[in-house]
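Annotated domain 'Cytochrome oxidase subunit I profile' per TrEMBL: 33-542, in sequence order. Residues annotated as transmembrane segment in TrEMBL: 38-63, 83-107, 119-140, 196-223, 243-265, 277-299, 311-334, 355-379, 399-420, 432-453, 483-504, 547-565 (among others).
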Amino acid sequence: MTTSPLATSRSRSPHDARVLPTVPDTAQLAGLKRVTQYYVVTAFLALLIGVLLGPLQALNYAGIDLYDNPIVKALLKSYYQGLSLHGVLNALVFTQFFISGWMLYLPARDLGVRLNLRFAWFTYLLMTAGLLTAALPLLLNKATLLYTFYPPMEGSPFFYIGAAVMVGSSLLVAGQVIAAWFHWKRQHPGQVTPLVAFMCVATWMMWTVASLGLVGEVVLMLIPWSLGWVGGVDPLLAKTLFWWTGHAIVYFWVLPAYIVWYAFLPRHAGGRIASEPLIRLTFVLFLLNSTPVGLHHQYADPNVSNFWKTIHMFLTFLVAVPSLLTAFSVAASLEDAARARGGRGLFGWMLKLPWGQPAFSASVLAMVSFILGGAGGIVNASAAFSPVVHNTAWIPGHFHITVGTATTLTFMGVSFWLIPHLTGKRLPSVKLASAAVWSWFTGMMVFALGMHWQGLLGVPRRTQISAAAQDVYRDMNLKIPEMLTGISGMILLVSAALFFYVLFRMLLSPRQDDGELSSPLPYSEVISPAGETLSAAAPLVRATEPLLALWVLALVLVLMMYGPVVGKLISQAQLVPGWRLY
Ligand code: HAS
Ligand code: CU1
C-alpha cells in the first residue's frame, strides 16, 4: 500500500473517499449536467421502445406467434423487423447514448476540468441526428438486417450513414475526454490520474481502437455499395471487420458498468474499494486485449485459417482474466462492507448487505447474472464447444445476462441516483424501484435458462419458430424451456413498466435542490489507494499511468492479430450483389 506525501500533507487517511476538485464555475457545472441528462434520457427512451418489443421475441420462443396479430402487423412487417428494432435500440442505441453521457460527465468531474460545452452539445446533436437517420429506414422496414447488418443483406443507405454518424459522434466524445485528460496531465505533471478518470480514459481509448473495424466496414464498403457506387460487397471481409469491433464493443458496454461496481458500489454497500492499483491493471488489460479476439465469432467461417482462429481463442481466454480480477476484487469490497455491518460466517455475511436499496441491488444482481453470463462466454469461446452453441438460442441467452443484465440493470440502478444528482429531483419510490430491479433480474435469469436450454436442444437463434417450422421442433421436448422463455417475457414486461413508471415520475417531478448535496457522486473509500504523486507510487501505478503509450501498443497488437487475416481477405475479395430478404 502506498500513500503519497501529498495525501498525508492534506491529512487524509488512505481510507478516505476522494474529495472532488472544485468545479470551474456554476454555469459550467449546470451545462455539463444538462448535456449529460440529455444523453441519459435519450438512452432510456430508446430502451423503452426496444424493451417493449422484447416480449414478442420471448413469446416467439415460447411457440406463440403474435406477429400475425392485426395490431402488431400494422406496426411491424415481420418478425425480423421487430427483432432488428429490438436489437438496434437496446444493444446499440441505449448503450451508446448512456455511455457517452456517463463517461463524459464522470471524467470531467473527476479531473475538475472545464469542457467546451458547445462541442459537447454539437456531439450530442450529431449523435441524435445519426440515430434519427438510421431509425427512419428501420421503422419503414427498409433496414431489416438485424443488429449485425451482415451483407449481402442490403438496406437503405440512410441506415448505414446514420450508423456511421452515430459511431463517429461517440469517437468525438472519446476525443473530448482524452483531450481533457491530456490537458489535466500538462497542468499536473508528476501526478497520478484519479481512478475514475483513469478508467474512463482507458475505456475510451479501447473504443477508438475497437471501432476501427466497423468504421472501415461501413464507410469503405457498405455506404458506397448501398449507394450503388460499387457493384458488390465481400460478405466475409465485411463480417470480419464487423467482429473486429463486435467483440470489443461488449467491453465498451460492460466497462462503464465496471466503473460503477468498482468506484460507487462499495459506497452503496457501506464498504471500501479494495485496491486502486489492481483496478488500473484491469483496465489496462482491457485496453490491450479487448479487440484482437473477434474471430471467436467466426469459428464456422471459411477462408480464415485455423491458426488465427486458435490465436484469437487463446487471447479470448486471456481477456477473461481482468473480469475474474474484477469478480474477486469487487467481492472483497462487498465482504468488507458486510463485515463492517456485523456480517459473520463464510457466506452468512451476504445477508448483511443492503438488498433493499435499489442502487445497490441493481449492481449486485447485475454482477450475479454476469457470473453465469461470463461462464457461458468462456463456453462460447472454446472452439470445441462452439459448434454445439453457435447460432442457437443459447447465444441470445448469453447476451441477455451480459449486456441485457450486467450492463442494463447496472445502468438502471445508476439512474436512481444519477438523475437526482443531475436534476435535483428525487427518486419517487424506493419500493417500486426495488421491485423493478428484482423483477428484471428474475425475468432475465428465467429467460437465460429457457434460451440456453433450447439452444442445447438445437433450436436456432433468429428464427420465427412460432410460425413456420413448428413441426420440425415437435419431437424435441421443448415444453419446459419454451414455457420458461414465455413466462420470462411477461415478467420483464412488468419489470419494464415498473422501471419506466419510476423513471418518468422522477423526471416529471419538481426540482428540489441542485442535487450536489442531496445526491452527491457516491465516491467510495479505498483500502489500498494509488496515491497522488507518481514518484511515490507503487510500480503497478507507474506502469499503468502512461496510457498514451499503452494505447499505441493496443493498436499495434490489433494490427498484428488482424493484419494477416484482413490482408488475405482483401487480396481474395469476391464481390457479390445485395439481397433484400424481408
Ligand atoms: Fe459474449 C457472443 C464470448 C462477455 C455480449 N456476447 C456474444 C453476443 C453478445 C455478447 C451480444 O467466444 C452475441 C453476438 C451475436 O449477435 O452474434 N463473451 C464471451 C467471453 C466473455 C464475454 C469469453 N459477452 C460478454 C459481455 C457482453 C457479451 C461482457 C456484453 C456486455 N460471446 C463470446 C463468444 C460469442 C459471444 C465466443 C460468440 C458466440 C457465437 O458462437 O456466436 C468474457 O468477457 C466473460 C468474462 C466474464 C467473467 C465473469 C466475471 C464475473 C464478474 C461478476 C462477479 C460477481 C460478484 C457478485 C462479485 C469471467 C465480474 C458477488 C455477489 C455477492 C452477493 C457477494
Ligand atoms: Cu465476442
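A Cβ is built for glycine as well, from the same backbone N, Cα and C atoms used for every other residue.
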Any contact, the transmembrane segment (483-504) to the transmembrane segment (83-107), with at least 3 Cβ pairs under 8 A: no
Other same-chain positions with a Cβ less than 8 Å from the transmembrane segment (119-140) and lying at least 6 residues past its termini are 31-32, 35, 38-39, 42, 46, 81, 84-85, 88, 93, 96-97, 100, 104, 155-156, 158-159, 161-170, 172-173, 176
- Quick one: do the transmembrane segment (243-265) and the transmembrane segment (399-420) have at least 3 Cβ pairs under 8 Å, skipping pairs fewer than 6 apart in sequence? yes
Note: vs the transmembrane segment (38-63), the recorded stretch with the largest number of Cβ pairs under 8 Å from 83-107, 355-379, 399-420, 432-453, 547-565 is 83-107
Near the transmembrane segment (83-107) in space but 6 or more residues beyond its ends, with Cβ under 8 Å, are 32-33, 35-40, 42-44, 46-47, 49-51, 53-54, 56-57, 76, 115, 120, 123-124, 127, 131, 134, 138-139, 143-147, 163, 166-167, 169-170, 173, 176-177, 180-181, 196-197, 200-201, 203-204, 252-253, 256, 259, 399, 403-404, 407-408, 411, 414, 418, 422, 462, 521
